[in-house]
Amino acid sequence: MEGSLCCCVFQRTRREWRPLEDRSCTDLPWFLLFTVFCVGMGCICSYTIVTGGAARLVFGYDSYGNTCGQRNEPIEGVRLSGLDHRDRQYVFFLDPCNIDIVQRKIKSLALCVSLCPGEEMKTYEDLKTFAMLNGSELCSYELAGHKYPGLPERFDKCPKLPVPPSKALPVFNRCTPVDVSCYAKFAEAVVTFVSDNSVLHRLIAGVMASKEIIIGLCLLALGLSMILMVIIRYISAVLVWILTAMVVLGSLAGTSVLWWLYIDHRLFSNTTAPRVAKETSEEAELDLDKRQALLVYAASATVFTVILLLLMLFMRKRVALTIALFHVAGKVFIHLPLLTLQPFCTFLALLVFWIYWVLVLLFLGTTGNPQQSEETGLTEFRLTGTLQYLTWYHAVGLVWISEFILACQQMTVAGAVVTYYFTRDKNRLPLTPILSSVLRLLRYHLGTVAKGSFIITLVKVPRLVLMYLHNQLKGKENACARCLLKTCICCLWCLEKCLNYLNQNAYAATAINSTSFCTSARDAFVILVENALRVAAINAVGDFVLFLGKVLIVTSTAFAGVLLLNYQRDFAEWLLPLFIVCLFSFLVAHCFLSIFEIVVDVLFLCFAIDTKYNDGTPGKEFYMDKALMVRVGSRSSIRVRLSGLQTEWSPGPLSALD
């Protein structure tokens, strides 16, 4: 029986892989659990709306707990609460520049007003005139507008003079100063690397002046990423062998230099032997230590170089397999062009969810019981008691649902690639393999991706908590505690990466056999262990080739940006636009080439299964692409049946890669 988190002992049974033959629902209890969890996320949003948190965020509320634009109920112990503000729709801050840098919030007294001041007011007479003409009183509610100039309370309960002109924010109904210069301190706290406001203004001006160029360069990076996924199969061989040559030559050169230094130092010591008597014992010991250190370094480098050369000699055929998989992956994108849309769909889904998550988090910030601050006397709404755990539940939801969306992408790509690989006649592929894979995911395998993403969440959440504690305790903990925290964070990060890789292969195994997550993870793990050297070669060489692809896209986009921005002679003006372009191009390249990496990994798993259970004989013909057969070959003759005719074909040793 299968355990809830793959912790039980499996009974090993020999089971044949039957690609795409049977299809059934997998991990249904986990799909129900994930559904219940999502319902809980929805209930949190509903709770914030019902209790008024959403309304307080959107419409705003004053410092006495009254929501603007509504009739309010009195709050026990809070004076001036329970007012009818249906004619006062905007939030006005008496001192909008009084900002708490740490909490990122305005500490000023807030009032609900019917109109934001559109012009600067320098005296209390101006406040009185504004109140009499527009009916919008900008001082505290208990002060009469026609008495503003003579009231002693005006210094504490009226706006700080001069009152800057302001206008209401769309949707959120806050009176915001037109001149945001008073937020310079806040901006400097957020943008800590800018210490001079003039530099900040010049950088922003450079971005605004170059916005068309920035958009064009971002589109260029997008186009280069899509083109690279198709042509990388033609240049992968060149990149791989260039990398191999650089590694070999670099190791030989480094070893040679170390031996030369050792021999030169020893010859120099021998030529100065007659003067040894004049040297002190300390100098002699120091000279001996240098020679011994150089000897150790040279010997170690020699051992490393020999091992590296042996590995290169032993792994060269497996490198050829990596090149072959890259070649076939390029053909996959030609047959399945909709794969290039996967990064857009995933990003859109994540963006929609993150916007929803942030909104609900803001709703939670204005939900709860009203409490008066002892420091300022202002009324704030805070979650108390067990309701505080709603924020933690919401935080876990951010991780689990984000990982779920990414897992759905991996399952969708794996399903499409599996369909491509195990369809012998590529002309008989489904009309839209991507859509078919999405439908199979929605119908059968949502529970599997829910379980896989939950396992990642179990590792990621503790790592994020430890990172938060490390940042909070920075400078306060001792060296031992700091080292322990960093070690735990590093171990959890490594475990997360390993689980991500195993999950991705488990999704591919599920797409092939329609088995549950734990069964698929076990089967995929067995296949990967049996092909450990191939996996190492593909991950080492393939990851570096894809990294070079990212570097190529970023540098090409940056070079084009330098040429287009060159007319702006001020370096500071095009530094930020160029940084934005480079960052965007790297993110785009990473998204697209990550899809390419998933395709290569799934192809390898399919290839390993194909070569394990098929040998090319009648009834056990290979599924692999002909290009892969030509590059990989077979030790024995492979009989390929084409159009009902039996032909003999012997391309070379398949097991030469083993």
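Including glycine, each Cβ sits where the backbone N, Cα and C put it.
Note that TrEMBL annotation is computational and uncurated.
The transmembrane segment feature in TrEMBL is assigned to 28-50 (among others).
The annotation transmembrane segment is assigned in TrEMBL to 213-232 (among others). Using a Cβ-Cβ cut-off under 8 Å and counting only residues 6 or more beyond its ends in the same chain, the transmembrane segment (213-232) has close neighbours at 207, 326, 329-330, 333-334, 340, 545, 549, 552-554, 556-557, 560-561, 564-565, 577, 580-581, 584-585, 588-589, 591-593, 595-596.
A Cβ distance under 8 Å defines the sequence-distant neighbours of the transmembrane segment (238-262), meaning residues of its chain 6+ beyond its ends; these are 291, 294-295, 297-298, 301-302, 304-305, 308-309, 312, 319, 322-323, 541, 544-545, 548. TrEMBL lists 238-262 (among others) with the feature transmembrane segment.
If you look up TrEMBL, you'll see 294-314 (among others) marked as transmembrane segment.
Marked as transmembrane segment by TrEMBL: 320-339 (among others).
Using a Cβ-Cβ cut-off under 8 Å and counting only residues 6 or more beyond its ends in the same chain, the transmembrane segment (346-365) has close neighbours at 41, 44-45, 48-49, 53-54, 57, 383, 390-391, 394, 397-398, 401-402, 405-406, 408-409, 591. Feature annotation from TrEMBL assigns transmembrane segment to 346-365 (among others).
Feature annotation from TrEMBL assigns transmembrane segment to 392-421 (among others).
Residues annotated as transmembrane segment in TrEMBL: 544-567 (among others).
Under the heading transmembrane segment, TrEMBL lists 574-596 (among others).
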When each of 28-50, 294-314, 320-339, 544-567, 574-596 is checked against the transmembrane segment (392-421) for Cβ pairs under 8 Å, which one has the most? 28-50
Per Cβ pairs under 8 Å, the stretch of 28-50, 320-339, 544-567 packing most closely against the transmembrane segment (574-596): 544-567
Outside the transmembrane segment (544-567), at least 6 residues beyond either end, the same-chain residues with a Cβ under 8 Å of its Cβ set are 210, 213, 216-217, 220-221, 224-225, 228, 232, 236, 239-240, 243, 322, 326, 574, 577-578, 581-582, 585-586, 588-590, 593, 596-597
